[in-house]
Ligand code: F6P
C-alpha cells in the first residue's frame with residue numbers, strides 16, 4: 001500500500017511521534033510506503049509531498065516537538081472547492097489511503113474527504129483535549145505539564161510580594177488545560193469557557209484568603225473564558241478569516257478588575273504558545289506512538305471513515321462523525337470538583 005499523511009491546524013507536542021509510528025509500522029509491519037504532505041491541507045492541494053522512510057531521521061523524531069511536515073490552516077470553503085484537485089493529486093501520487101492528523105477542524109475535513117470517496121483514517125490531536133469520542137488527545141498532557149510548572153513557580157513569587165497572580169492558559173472553547181493545571185498547581189480559582197464567571201465571586205475568594213491570613217492568590221483563566229452577562233465589561237475582539245473572535249486578553253482584564261475592586265497588587269502571565277512547544281511528555285509520546293501504529297493498522301484492515309481514539313487503556317476506532325459531532329467540554333460535575341479546592 002501507499003499511505004499518505006499530513007499534520008493540520010495548530011501544532012502540538014507528539015505530532016512527530018505519530019509520524020514516526022506511522023512510518024515505522026507501515027514499512028516494517030506491512031511493507032507499505034509513506035508519503036508526507038507539507039503544511040496540512042495546503043500541501044495536499046498544492047501537491048507538495050516528501051517520501052518518508054523508516055530511517056535514522058524518522059527514528060529520532062520521538063522526542064522532537066512541532067511537526068517535520070509543517071502545518072497550516074485552510075478555510076473550509078477553499079478546501080471544499082479543491083476536492084477535484086485533491087482527488088487528482090492523490091491519484092497521481094498513487095495514494096491508497098490518507099491519515100490526516102489534526103483537531104476537530106481537520107477531522108471535519110477528513111470526514112468530508114471520506115464522504116467524497118477518499119479512504120481516510122484520522123488521528124485526533126490538540127493540546128485543548130476537546131475532540132469528542134476519545135479520552136485524551138496527545139499534546140494535552142504536555143500542555144498541562146507546562147502550565148502546571150508555571151503555576152508552581154508563581155506560588156513563591158506571589159507569596160513573597162503579597163500578590164494576586166493571574167495565569168492565562170490556552171483553551172478557546174474548552175477549559176481542560178485550565179482545569180487540570182489549576183487543580184495540579186493548587187490554584188485558588190480557575191475560570192473556564194464552559195462556565196461564565198462572576199468577577200464578584202472571584203474577588204470574594206481572593207478577599208477571603210487575605211482575611212484568613214494568606215497573603216497571595218493564584219487564578220488560572222482559560223483564554224476563551226467569558227464573564228456572566230452584566231457582571232463585567234469585556235473588550236470586543238475582531239473576527240478573523242476563520243470566523244473566530246480574536247482574543248483581547250481576558251487575563252489582564254480580570255487582573256485590572258481585581259486591582260480596581262480590592263486594591264491588591266495583581267500581575268498577569270500569559271503562557272500562550274509555550275504550551276505547544278518542545279518535547280512531549282512520556283504520556284504523550286506513548287499515546288502518539290500508539291495512535292500512529294493504530295492508524296496504519298486500521299488503514300491496512302480497510303477500516304476507513306474512522307479515527308483512532310483512546311478508550312480507557314485501549315486504542316479503538318470510532319466513526320469520524322462521532323469525533324466531529326460536538327466538542328468535548330468540561331462537564332459541570334468536573335468543574336464542581338475543582339471548585340471544592342477554590343479559595
Ligand atoms: O487549538 C489549539 C490552540 O492552541 C488553542 O488553544 C489556541 O486558541 C489556538 O490553537 C491558537 O492558535 P494559533 O497558533 O493560530 O495562535
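Placed from the backbone N, Cα and C atoms, the Cβ positions cover glycine too.
Remark: residue 128 (active site, proton acceptor) has 103, 137, 140, 170, 171, 172, 173, 174, 176, 177 as non-local neighbours, by Cβ distance under 8 Å and separation of at least 6 in sequence. In the three-state DSSP scheme, residue 128 (active site, proton acceptor) is classed as coil. Feature annotation from TrEMBL assigns active site, proton acceptor to 128.
What TrEMBL lists as ATP binding site is 10, 73, 74, 103, 104, 105, 106. In the three-state DSSP scheme, residue 74 (ATP binding site) is classed as coil. Of all Cβ atoms in the protein chains displayed, 22 besides its own lie within 10 Å of the Cβ of residue 74 (ATP binding site).
In the three-state DSSP classification, residue 104 (ATP binding site) falls within a helix. Annotation comment: TrEMBL describes 104 as Mg(2+) binding site.
In the three-state DSSP reading, residue 172 (substrate binding site) counts as coil. Neighbour count (other Cβ atoms within 10 Å of the Cβ, all protein chains): 16 for residue 172 (substrate binding site). Taken from TrEMBL, the feature substrate binding site covers 126, 127, 128, 163, 170, 171, 172, 223, 267, 273, 274, 275, 276.
Residues or ranges marked as domain 'Phosphofructokinase' by TrEMBL: 2-298.
For residue 105 (ATP binding site), applying a Cβ distance below 8 Å and a minimum sequence separation of six or more within one chain yields 8, 9, 73, 76. TrEMBL lists 105 with the feature site 'Important for substrate specificity'.
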(message) Of 10, 74, 106, which is closest to residue 276 (substrate binding site) if I measure between C-alpha atoms? They're all binding-site residues.
(response) 10
(message) Excluding near sequence neighbours, so keeping only residues 6 or more apart in the same chain, what lies with its CB under 8 A of residue 106 (ATP binding site)?
(response) 8, 9, 40, 41, 100, 122, 125
(request) Give the distance between the Cα atoms of residue 10 (ATP binding site) and residue 126 (substrate binding site), rounded to the nearest whole Å. (result) 8
(message) When DSSP is mapped onto helix/strand/coil, what comes out for residue 267 (substrate binding site)?
(response) strand
(request) State, in Å as a whole number, the widest CA to CA span among the ATP-binding residues 10, 73, 74, 103, 104, 105, 106 given in the record. (result) 13
(message) On the three-state reduction of DSSP, what should I expect for residue 10 (ATP binding site)?
(response) coil
(request) Rounded to the nearest Å, what's the C-alpha distance separating residue 126 (substrate binding site) and residue 104 (ATP binding site)? Just drop the number here, would you? (result) 8
